[in-house]
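A short worksheet on the structure shown next.
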């Protein structure tokens, strides 16, 4: 049996931009993607801590070291710059494998979105 489990999470990142005029997606600093074990094109689930919105989109790679977290297109209507969001991705895996699987969870610096080591 296959089940869907949390694979990666960027916990409490700060939204830096909301760009309504770009077609869909979330742009994420490449440093955060690497640290969280996420890739461009990957489906992600976003939870906005400020307003309770929850939605899905896909990742676009942002400039490394920029701290960029930008919601694009229709998703830009669901957030405001400076909102705090949780970005999660999931993976399908065998039930037995899932029992011992440990997701990658990162906690970016709240002011800069830089990776905290």
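Backbone N, Cα and C atoms are what each Cβ position is placed from, and that goes for glycine too.
If you look up Swiss-Prot, you'll see 25 marked as pyruvic acid (Ser). All protein chains considered, the CB of residue 25 (pyruvic acid (Ser)) has 19 other CB atoms within 10 Å.
Per Swiss-Prot, the feature active site, schiff-base intermediate with substrate maps to 25; the stated evidence is sequence analysis. In the three-state DSSP reading, residue 25 (pyruvic acid (Ser)) counts as coil.
Here Swiss-Prot flags 57, 73, 74, 75 as substrate binding site, drawing on sequence analysis. The secondary structure of residue 75 (substrate binding site), as reduced to three states from DSSP, is helical. On its own chain, residue 75 (substrate binding site) has 18, 24, 25, 26, 46, 55, 57 as residues at least 6 apart in sequence with a Cβ closer than 8 Å to its own Cβ.
The feature active site, proton donor is assigned by Swiss-Prot to 58, with sequence analysis given as support. Cβ neighbour count for residue 58 (active site, proton donor): 13 (other Cβ atoms within 10 Å of its Cβ, all protein chains included).
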Exercise for the section: Tell me the Cβ contacts of residue 73 (substrate binding site) under 8 Å, same chain only and six or more apart in sequence, or just say none. Expected result: 19, 20, 22, 23, 24, 25
Handout entry: Recorded substrate binding residues, 57, 73, 74, 75 - maximal Cα separation rounded to whole Å
Key = 10
